[in-house]
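Quick look at what Swiss-Prot lists:
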{"type": "BINDING", "residues": "14, 17, 34, 37", "note": "Zn(2+) binding site"}
{"type": "REPEAT", "residues": "120-196", "note": "repeat '1'"}
{"type": "REPEAT", "residues": "213-290", "note": "repeat '2'"}
{"type": "ZN_FING", "residues": "10-42", "note": "zinc finger"}
């Protein structure tokens with residue numbers, strides 16, 4: 001009579017120290033860990049238990065078992081053992097040494113740049129799509145060595161500027177400069193070197209930023225529509241050719257708020273939101289006044305209000 005072979009249970013064994021008994025199942029991170037030496041033993045495991053939901057109660061331990069998402073642009077983010085920074089100086093030094101040894105020079109530079117992008121964007125409440133787009137642009141630049149020797153902060157700032165334009169949520173050079181503490185001139189230099197190698201680039205128009213500036217100034221939708229129409233008319237006439245979009249937007253908003261006394265804003269308020277100086281707003285506004293009857297839509301504003309516009 002044919003006998004069945006004896007069943008041999010699967011035993012996890014640490015390949016580093018040979019431990020078989022003290023194998024810990026780490027469900028939060030999804031793998032088995034050797035309790036003696038700390039090395040990862042097996043592949044990722046799945047916890048088949050019920051999932052918990054966390055509602056952000058700071059008084060209790062967060063029950064979420066899911067770690068942070070891995071970055072697809074970093075090759076080093078894979079299954080490995082990391083030394084925690086802990087609370088002591090020794091653990092911090094060991095963690096720093098391990099990070100240097102586990103990542104090659106280019107990977108460390110890539111990770112540093114991506115960390116800066118994430119920090120700057122999250123501080124300014126930019127969306128995740130913009131962060132991912134900036135990561136993608138930065139990785140391409142680093143791999144192709146387009147800006148070798150340039151300041152990392154300048155490259156990061158230019159990547160964020162480009163990502164905002166590509167995702168149709170444009171920011172001005174001044175706004176990116178304030179966000180990253182990088183000079184506007186440096187951002188412009190990096191942008192000029194990167195732009196020829198880009199596949200697509202949305203145009204930076206005044207209409208794109210007027211809506212955001214009006215929202216920051218708590219202006220109603222009517223003011224926003226009139227300001228947008230004036231900006232379009234000024235662009236078609238070419239009366240402000242050579243002026244930056246943020247300067248035109250600031251002057252147009254100042255003009256429209258003067259048409260409606262209940263919505264009037266002083267130049268300092270507009271300067272604070274748009275990062276455009278009062279002198280620039282005043283000079284651009286004076287140039288717009290010359291064409292006020294051509295650019296202000298009469299079907300939305302009566303002629304008397306246009307006649308009463310101040311000269312400065």
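For all residues, glycine too, the Cβ spot is worked out from N, Cα and C.
If you take every residue in the repeat '2' (213-290) and average the pLDDT, you get 87. Over all protein chains present, the Cβ of residue 14 (Zn(2+) binding site) has 21 other Cβ atoms lying within 10 Å. All protein chains considered, the CB of residue 17 (Zn(2+) binding site) has 12 other CB atoms within 10 Å. Note on residue 34 (Zn(2+) binding site): other Cβ atoms within 10 Å of its Cβ, all shown chains, come to 22. Non-local contacts of residue 37 (Zn(2+) binding site) by the CB criterion (under 8 A, 6+ apart in sequence, same chain) comprise 14, 16, 17, 19.
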